[in-house]
Amino acid sequence: MTTSPEFWSIAVYIVAVLGLCTVMLGLSALLGGRSGARARNEPFESGVVSASPENLRLSAKFYLVAVFFVIFDVEALFLYAWAVSVRESGWVGFVEAAVFIFILLASLVYLARIGALDWAPASRKKRQALQVHPKNQGGASV
Amino acid sequence: MTSVQLWALLPLLIATASIVATMLAIAVYRHHRFCASVTVGGMNLALIAVVYDLITGDNLAVPVTGLMTVDAAARFGMVLILVTTLGVLTLCHAYFEGYKRNREEIYLLIGLGTLGALTLACATHTATLLVGIELLSLPMVAGVAYSMDERRAIEGGIKYLILSAAASAALFFGVALIYAHIGSLDLSAMSQALSAASLDQPLVLAGAAMMIAGLGFKLSLVPFHQWTPDVYESAPTPITAYLATVSKLGVFVVVLRLFHYGSSPISPLILTALVGLAVASMLVGSLLALRQNNLKRLLAYSSIAHFGYLTIVLAVPGDESLRAAGVYLATYLVTSLGVFGVMALVSSPMGERDAEHIDDYRGLFWRRPYLTSILTAMLLSLAGIPLTAGFIGKFAVISAGVGAAQWLLVGSLIVSSAISIYYYLRIVSALFSAVAAGSERVSEPMGWAQSFGGLMLVVAMIVMLWLGVYPQPLYLLSGQLAQH
Amino acid sequence: MISYLPLVFVFPLIGFLILAFGRGRLSENLAAIVGVGSVGLSAATTAYVGYDFLTHLPASGAYVVPLWTWMSVGTFNVEFALKLDGLSLTMLSVITGVGFLIHLFASWYMRGDDGYGRFLSYMNLFVASMLFLVLGDDLLFLYFGWEGVGLCSYLLIGFWYKDAANGAAARKAFVITRVGDTFMAIALFILYREFGTLNIDELQRLAPQAWAVGAPLATATAMLLLGGAVGKSAQLPLQTWLPDAMAGPTPVSALIHAATMVTAGVYLIARTHVLFELSPVAMQWVGGIGAVTLLLAGFTALMQTDIKKILAYSTMSQIGYMFLAEGAGAYQPAVFHLMTHAFFKALLFLSSGSVILAMHHEQDIFKMGGLYKKIPFVFACMLIGTLALTAFPFTSGYFSKDEILHQAYLTGHYELWAAGLFGAFLTAVYSFRLIFITFFGPERWRQAQAHGHGHGHDDHGHGAGEPHGAHTLDHHIPLAILLVLAVVGGYIHLPLSAVLPEAHIAGGDHGPAYIAHLPFVASMAGLVVSWLLFLQFPQVPAALARGAATAWIGKLWKNAWGFDWLYDALFKAPFVWAARINRNDFIDGLIGLIPAGLRGAASLATATQTGGLRWYAAVAGAGLCLLIAVVALH
C-alpha cells in the first residue's frame, strides 16, 4: 500500500487520540491512591450525608423544559445569522425568515395547546380547581 | 431562487406546509379524522405537484442552491414515496381509530418522516443527506414507541434511536474521511471518488466502508440488520409498514446516487464489499425468516432479503439495472403495503396486542375470504410467483444480474427465493387451514372494505395484479431513474 | 371495424369474471344470461368483424391488431398482437358460433345442477382461452391459450368432482395432454433459440431461409410440434384420454372434446405448415398417424356400448381424417372438414345429451331402443348428424370428406386414400349401429324397468321410467340451427387460399372417374352391413361374440386395442413398482438433507437475534471492521 501525507496525518491523529486516552486512564490507575473504607461507596454530595436513595424520580417536566429551551433558544440563534445579513439576503431572506418564525410560532401554539407548557398534569389541575371552589363540589354532592 | 426552482421544490414545500397545518389542526381541534384529512390532503397535493411536473414539464434537472437537484430520478422517487406514504396514512387511520391515547400526532410524525424521505430523494449534497436522514429517522423513533404504555414499544424505540444514531455517526464519519481526500461534499464528487477509488487511497476506501455501513444500517443489510426484527415487532403495524417501505426507499435513492450514478463503473474494491453485503443479506435474511412464527419479524427478515436482492443492481452498471431497480422498488412497495395493510386491518380492533403470530391467522380464510385472498396474493407476490408484481420485479433484477454475469449474486438470489417460498407458503397454508370453532383469535371488523384502509388494499391488489400481468408501463416509468 | 377484434375474447372473459365472482349470488337465470349472452355477443362481434374482413380483404391476407407490448426487458421483447386471417376467422366463427349454440343448449341441459354458475364460468373461460389460442400472432400466446384450454378441459371433465372416477378421468386427460405440451414447449424453445422470435409470420419467413428441406433440426421441430398436436387432438399414441373425457357433462364433450379444443392440433399444424413442409418425414408421420388413428378408432367404436364413447371414438377417427389430409398437404380440406365436423359432431353430441336426459341419465345404448317414436325431433337431429358424419351426399360431411379423400388420391398418397376409404366404411357401420340400436329395434328400456321393479329395490334412481322429451326453446333452437348447418355447411366457401397452400397435385393424373364415387359406395356398403348386422340379424353379432377368436378380437376392440393396458404396463406399472421399492424414498432422504441443513443454519442465525442492544451494536461494529478490512486491505 502506497502512502500519502494525509493518510499519515490521520494515522498520527488516531494514534494520538488513543494514546491520550490510554495515558489518562492508565496513569490515574497507576498513580492514584487506593483506599477501601466503609463510606467510600456512599454518594458524595459536598460532605453532606445523603438523605434519600439516589435513584429518586425527577419529574419529566424538567427534561421537557430543558428540551424546549434547546429548541427555541438554539433555533432563535439562526435569526442572529440572518440579522447580520439582512440587507444582503434581501426580500427572499426576509420571506424565508418569516416562514421560519411562523413555524416556530406555530409549534409554540401547538405546545401550549397540548398542555406541554403547563407545569401540573391535567389531573392535578382539575383537583386544584375543585379545591378553589369546594362549595360547588359540596353543593353538587348534597 | 427562481420560479423554476420554486416550482420544482413545490412538493417539498407543500409537504412542509401540510405538516405545519397538521400541527395547527391538532392545536385547534383535536379530532382524528380531521387531522388525518389535513395530512392526507397535503400529501395528495404534493403528489399532484410531482405528477403534474412529470407530465407537463420537460423533466429537466433543476438544481436548487447546490444542495438539492430535482431531476427525473428524484421525481420518480418522490412519486413512490408519496404514494406509499398515502397508503400508510390510510392504514394509520384504520389502525389508530380504536387507540385510547392521542391518535393525531402519528400523522405529524409520518409527515415529518416523509419530508425527510423527499429531501433524500432530491439530495445532491451530504448536508442535505444529513438533514434528510435524521428527519427520516428521528420521527420514526417516536413512531416506534408510539404506544407508550407498552414496555415493548419503548424498548424498540430506544433500540432504534441508539443504533440509528450510531449508524448516522458511521455514515458521516465516512463522509468526513472522503471529504478529507477530495475536498468536496457534493454527492456527485463523492460518487466520482467512489468509482475511482484505488488501493492507494485508504481514506476514500475506509470512508466508503463506513458510508456503506451507515447506509446499510438504514437499508438493514446484513450484518447491520439486527435491529430490524425487534423494531418491526415493537412498532405499531402501520409504522412497521412505513419503516419497511418509505424509510428504505428514500435512503435507496441516495444509495443509487452514490454508488450508481458515477460516470464510470464502481471501483472493484467497493464492489466486493457490496456483493458481500448483498449475498449475506439474501441468505441470512431468508434463513432467519425460515422458522419464524411472528409475522412481523418474518416480514422484517424478508425485507432484509428483499433489499439484498435490490442491492444486486448496484453491482451492475448501466441504465438497464436502474430500470430494474425502479421496477423492483415499485413492486416491493405495492406488495409490502398490501401485506402490512391486511395485518393492520386485522389488528386494529384488538387494542392490547397486534395480530402478529401465525396462529392468529390460522383459518382466516373461512372468516374473511376477501381479506385473506388479498393477503395470499400479496404473499405470493413477495415470493415472486409469476403473474404477480413480485415476479416482474425479481425477473428484472435477475435479468440485470445475468446481463452483467454476476453469477454469485444471481445464484444467491435464487437460493434465497427458493427458501423464501417455504416460509411464505407456510403462512398461506395457515390461512387456509381448518380451525376449530371458537378458537378464533382475531375478530377483525366486518366493514373493513368501507374504510380507507380497505379501499387502499383493494387498489393495491389491483395494481399488484395489473403490474404482474402487464408490466410494460412500469418499465417505461422506471426509465426515469436512469435520467439524472 | 377490425379494431373491435379484441372484444371477441374480452366478452367471454368478462362473463367468466362475473360468473366466477358472483358465484352463489347469481340466480340460474341471471347466470344463464351472463354466460350465454357473453358468448353470443362474442359471436355477434365475430360476425361483424368477419363481414368486414371479407368485404375488405387485406392485401397481405391478414389484419394484425397490435394490442400492447407485454414486456420489454433489454433484448427480451414480447409484443402482443391479434392476427386475423382466413384461417383464424374460420376458427373464430366455429368457436363463437358453435360455442354459442352449445352454451345455449348447456343452459338448458345443466338446469338444476348445483354448480350451474361454476359450469358456465368454466365454459366462458374456455371460449376465451380458445379464442386467445387462435387469435395470437405469436406462438407464445398460442401456447398460453393452449394451456388455458387444457386447464378448462381438466376443470370441466372433473366438473362432477364428487365422483372419484371423474376426477381420475380429468387427471388422466391433463397428464396425457401434458406429455404433448412438453414436446410442444421444447419445439418453441428450439424455434426461439434459432430465430430469436416466436412470431408466426416471422417464423414462416425465416425458417425456409435458415433450414433446407429435410434438415435434421427442421424435422426435430416439426416432430415435436406434431407431438403437441397429437396430445391435444387425441391421436395415436396419446389418444387414450379422450374416451375418459366423456365423464364431463355432455355439452362439454360437444364443445371441447368434439368441436373445438381437440381440433387445436389440426389448427396448429395448419398454422405452422411452413415448418412441416420443411420436413417430408414429419409430413409422412402426420398422415400416417391420422390414417392409423382413424382405423383404430373406427374399429373401437364398433364395440362400444356407451353412446358418448361411440361419439368420442368417432371424433378421434374424424380428426384422424384431418391429420391424414394435412399429411397429404391438403390443408384447406382439413380445415374445411374441421368446420363441418364441428357442426355435425356438436349436433350429435347435443342430441345424445338430450337422449341421455330423456333416458334418465342412461348412457348404455343396449338399454335403449325404439326411441324414434318417443323423441322424434332428437331422432331427426341424430339421423342428420349421422348422415353428415358418414358423408351422405349433399350433407356437409360429404363435401369435406370427399375432398380429403380425393386430394389424398390426387397427391399420390394412395395408402392414405385407401385407409380413408376403409375408414368411411367403418364410420358408416358404427354410426348406423348407434342409430339402429338406439332408435329402432325392441324397447329394451321396458325390460330394464321391469327388471328393476322385479327386484323391488332399484335405488339407483335411473334406468327407470318412460323416456321423456324436452319441449323448451333453449333445447330446440341450438339443435335446429346445428341441424341446418350440418346439412348446408358444405356449401360454405372458406377464405383460406391466402393462408394455406393448395395441395401439390402430381402431374395432372386425375385417375379413373369412379374414384370420386368410391367413398359414397363405401359408406353405403357400411350402412347396409350395419342394417343387416344390427337390425335384421342381431343374432350374427351375438354368435360372433361367442366364438373364441372373434370374441377375443371384440374384446380387443372394445378396450381400444389395449392401449390403456399397454401404457399401464409400460409406464404406470414400472413407476408404481419403482415408487414401491423406494417407499422409504432414498432420494427424498438426500433431498431431506437440504431442509435439515437449512433448519440448522436457521437456528444458528436465529441465535444471533438475542434482543440485546449491546450485542447488536457489537455485531454492527464488527461488521464495520470487517467491511473496512475487506475494502481497504483487499
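Backbone N, Cα and C atoms are what each Cβ position is placed from, and that goes for glycine too.
Feature annotation from TrEMBL assigns domain 'NADH:quinone oxidoreductase/Mrp antiporter transmembrane' to B:124-419.
The annotation transmembrane segment is assigned in TrEMBL to B:6-27 (among others). Counting residues 6+ beyond its ends, the transmembrane segment (B:6-27) has Cβ neighbours under 8 Å at 34-35, 38-39, 41-43, 45-47, 49-50, 53, 62, 64, 68, 70, 78, 82, 104-105, 107-108, 111-112, 114-115, 118-119, 122 in the same chain.
Residues annotated as transmembrane segment in TrEMBL: B:34-52 (among others). Remote same-chain partners of the transmembrane segment (B:34-52), defined as residues 6 or more beyond its termini with a Cβ less than 8 Å from a stretch Cβ, comprise 10-12, 14-15, 17-19, 21-22, 25-26, 75, 78-79, 82-83, 85-86, 89-90, 92-93, 104, 107-108, 110-111, 114, 118.
Residues or ranges marked as transmembrane segment in TrEMBL: B:72-94 (among others). Within the chain, the transmembrane segment (B:72-94) has long-range Cβ neighbours (under 8 A, six or more residues past its boundaries) at 11, 32-33, 36, 39-40, 43-44, 46-47, 50-51, 53-54, 59, 61, 106-107, 110, 114, 117-118, 120-122, 237-238, 241-242, 245-246, 249-250, 253, 256-257, 326, 329-330, 333, 337, 340-341, 344-345, 348, 448, 451-456, 460, 477-478, 480-484.
If you look up TrEMBL, you'll see B:106-123 (among others) marked as transmembrane segment.
Same-chain residues lying 6 or more positions outside the transmembrane segment (B:160-182) and placing a CB less than 8 Å from one of its CB atoms are 126, 129-130, 133-134, 137, 140-141, 144, 189-190, 192-194, 201, 203-204, 206-215, 217-218, 224, 227, 231. Per TrEMBL, the feature transmembrane segment maps to B:160-182 (among others).
Residues or ranges marked as transmembrane segment in TrEMBL: B:202-221 (among others).
Long-range neighbours of the transmembrane segment (B:241-260) within the same chain, counting only residues 6 or more positions beyond its ends whose Cβ lies under 8 Å from a Cβ of the stretch, are 73-74, 77, 80-81, 84-85, 87-88, 91, 110, 113-114, 116-121, 123-124, 129, 132-133, 136-137, 140, 143-144, 187-188, 190-191, 194, 211, 215, 218-220, 231-232, 235, 266, 270, 274, 299-300, 303, 307, 310, 313-314, 317, 321-322, 325, 329, 332-333, 336-337, 340-341, 344, 481, 484. Under the heading transmembrane segment, TrEMBL lists B:241-260 (among others).
Feature annotation from TrEMBL assigns transmembrane segment to B:298-316 (among others). Same-chain residues lying 6 or more positions outside the transmembrane segment (B:298-316) and placing a CB less than 8 Å from one of its CB atoms are 219-222, 225, 228-229, 231-233, 240, 244, 248, 252, 255-256, 259-260, 266, 271, 274-275, 277-286, 288-289, 292, 322, 324-325, 328-329, 332, 336, 339-340, 382, 394, 397, 400-401, 403-404, 406, 409-410, 412-413, 416, 420, 423-424, 427.
Here TrEMBL flags B:328-348 (among others) as transmembrane segment.
TrEMBL lists B:369-392 (among others) with the feature transmembrane segment. Within its own chain, the transmembrane segment (B:369-392) has Cβ neighbours under 8 Å at 302, 306, 327, 330-332, 334-336, 338-339, 341-342, 345-346, 361, 417, 420-421, 424-425, 427-428, 431-432, 444, 448-449, 457-458, 460-461, 463-465, 467-469, 471, 474, counting only residues six or more beyond its boundaries.
Among the features that TrEMBL reports, transmembrane segment is placed at B:404-425 (among others).
Summarising the annotation, TrEMBL assigns transmembrane segment to B:446-469 (among others).
A Cβ distance under 8 Å defines the sequence-distant neighbours of the transmembrane segment (B:404-425), meaning residues of its chain 6+ beyond its ends; these are 275, 278-279, 282-283, 285-287, 289-292, 298, 302, 305, 308-309, 312, 315-318, 321, 379-380, 382-384, 394, 397-398.
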